[in-house]
Ligand SMILES: Nc1ncnc2c1ncn2[C@@H]1O[C@H](COP(=O)(O)OP(=O)(O)OP(=O)(O)O)[C@@H](O)[C@H]1O
């Protein structure tokens, strides 16, 4: 989704606020820059000394003195530059560390509704490309920009001090250069945004293709995906080219204006020297000073481009930081001694408020009961879990836990009381051990093996030469669907939460795996409240109560026998064993 542009100045000021956290380093940086840059005046002075004094007087020992002075000034300047670069990189890396950390902190706390609208590729682009580009604003802005400005000021001051009339004349092109820089920044700012967004779109496509690579291959959609990618890539190429075209016009034009100033100086200076208004040494000094004056201006053009494009990136980073997140994870009462009574009271909810997915849902689960929820696909079953976990809030009605609205409880303690096994049984890239640790970060190996045994997963993990250290691959692709489910259940065992939410996988598993999963579920549900979105008849039959959902509403409830008797829709679902 394209972001609304904010002003570059506002974004720049926010970046400065970031820099303020490390103001000591910024101050050291500034002092070193002033000292180092001031040393540039030594060499033009030495040149004038040579031309006007030492050469006419044929002062050979003086040559040594002047040469040593110039060398010392150069050496000191480069030494200060070395220190400044070290300080600057530490300063910059700390700032960027803060920014990256804040961005990750924010992303992990953003509500699910935000992720529904955002593509993963776009989020990754912001982290991987926009944060470093933001870093360049700081690096170039402070390191290059500051020293360039200082050098301009210092050489201008010395020029005025040496000969104010000449200084004024040779600076004629400066206002044009400044105006050019300002226009350029205004012109490329929207184009930089465009380029960032084009890059995001391209990365989103790439991410989708990689995530869905099995689908791409099985539908032999490689060429279609290539075309989509090429289109996005072409858009990026075009916007990058537009930026470079602007740069190609701007940079030489400004360079020409600078050179114009130099030729102006040489001509007028030569005239002045002929008229006796300035010495030859002064003219030499001026030429060097003017070189020092225009050289950073050329540098500033490059800095200008980096800053403007970097600010477009910074804007995209701040857009995420400004989102309203679940910062209040800890706010609200802490849930303790959970009995496990769950109630949905007249709940109406839609992911988009005008499109309700649940309508007036009433559902009650007593402590330690197992409730199965059945219904056709899309009837809103998983959505019930999304509300119970407080990922979303209903538009009307209430979700209660132990008789109190879940909104009273802080999200951390609420979610700690729930073990949620999702339908896709998502596993993180890493080892089985890493994945189990999510359930209990302090679990010992023995506890992990016990959980795996409960989840009927011990056998296949033991068979693996690496055991608990076996890699599961991205999203657990190196395991079968049934194995993933059982690892996810073992993780839920380790969490040992009083309420289990299980979204049964729809994909068929073989009879042996199904029996193993069923056995795991039987053990998991003992001693806790259990809500199961059931797709297998065996799960439903053993539940205490079954709720039948249809188009976002509860159609009927009861035991299997009761529903077979009273609900034609349930009979239909059951005859399809189960959905
Ligand atoms: N994040 C979302 N944003 C917008 N709409 C959504 C979102 N998640 C689900 N929906 C919509 O809400 C409706 C109910 O979805 P839900 O996942 O609750 O169904 P379900 O009964 O669990 O289906 P299944 O058995 O296929 O998992 C569907 O029409 C779906 O398109």
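Positions of Cβ are set from backbone N, Cα and C atoms, glycine also.
Automatic prediction, not curation, is the source of TrEMBL annotations.
TrEMBL assigns the feature transmembrane segment to residues 30-51, out of the candidate ranges 30-51, 96-117. For the transmembrane segment (145-162), the list of distant contacts is 29-30, 33-34, 36-38, 40-41, 44, 170-171, 282, 285-286, 289-290, 292-293, 295-297, 299-300, 303, 307: same-chain residues at least six beyond its ends, Cβ to Cβ under 8 Å. When pLDDT is averaged over the domain 'ABC transporter' (342-576), the result is 85.
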